[in-house]
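Feature annotations, courtesy of Swiss-Prot:
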TRANSMEM  5-25  transmembrane segment
TRANSMEM  79-99  transmembrane segment
TRANSMEM  105-125  transmembrane segment
TRANSMEM  144-164  transmembrane segment
TRANSMEM  177-197  transmembrane segment
TRANSMEM  237-257  transmembrane segment
TRANSMEM  263-283  transmembrane segment
TRANSMEM  302-322  transmembrane segment
Amino acid sequence: MYIAVPAEILGIILPLLLGVAFLVLAERKVMAFVQRRKGPDVVGSFGLLQPLADGLKLILKEPISPSSANFSLFRMAPVATFMLSLVARAVVPFDYGMVLSDPNIGLLYLFAISSLGVYGIIIAGWSSNSKYAFLGALRSAAQMVPYEVSIGLILITVLICVGSRNSSEIVMAQKQIWSGIPLFPVLVMFFISRLAETNRAPFDLPEAEAESVAGYNVEYSSMGSALSFLGEYANMILMSGLCTSLSPGGWPPILDLPISKKIPGSIWFSIKVILFLFLYIWVRAAFPRYRYDQLMGLGRKVFLPLSLARVVPVSGVLVTFQWLP
């Protein structure tokens, strides 16, 4: 098992933090383009320094806590949400050998850590002692259950085809053909389920502004609010990295050409992650928010039966034709 040294840890975490900052800027730019606006363009050339200005503004703001809140849990919740998104990055391979830790249960570790994110949201809503924050937290917990089960069944389908739970071995198994080609319907369900799990549009019911006034983080200000948003966007990058490892082959080049092999694998991995992040933003710009009953019905009545129905035929085909890895 490969264990990273502190320098390598900083080499991956610092780009992640910068990526989160500029992902917010990219989302604002894309949303502005879709709505025929300019977007942020005042701070720096083309607004490139806008994330720095927003960060300084949040740091300099006075942190205000509700007088009736549970202060220890209230302060701990956004930190826990952000730290979980960082810890989960440990098993995502950026290139051959470029991974913080490469255990044989990497995919299960990632699934377990991502499932813990809901606790930070529940604690934030409950400790705020606000009915709007608590309503947003309850919505998040309720919508996580059916989609978590669907995600688990989809991952089982991929594991059966690959024969390994190691993240790097899953990428290496896609040298001949991307798993996203034969398992395309499964991976579409996986991406949509990840939208619901990360509370992104059109499934952002926990923070529906018109109903629950920004949801579980309505009482947060200053760095508490900043850490909540950092955790959300870090989870977007994490899930895009996971989708890249599972479907479009991870770090190998898109085309098997001599000139493509000269480009580092980490660059190819980053390009594929950026494409998934653009898909996140495009979905937010293009689709309206689901009603809560539609969200729950999609998870329980559509995705759960379909993901369960895919495990059996895929297993049967692999056993019948002796294609088990």
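Glycine too: its Cβ is placed from the backbone N, Cα and C atoms.
For the transmembrane segment (79-99), the residues of the chain that approach it from at least six positions outside its boundaries are 2, 4, 12-13, 16, 106-107, 109-110, 113-114, 116-117, 119-121, 123-124, 167-168, 171, 227-228, 230-231, 234-235, 238, 241-242, 245, 250-251, 264-266, 269-270, judged by C-beta separation under 8 angstroms. Counting Cβ pairs closer than 8 Å and at least 6 residues apart in sequence, the transmembrane segment (263-283) and the transmembrane segment (237-257) reach three or more and so form a contact. Looking at 105-125, 144-164, 302-322, the range that has the most CB pairs within less than 8 A of the transmembrane segment (177-197) turns out to be 144-164.
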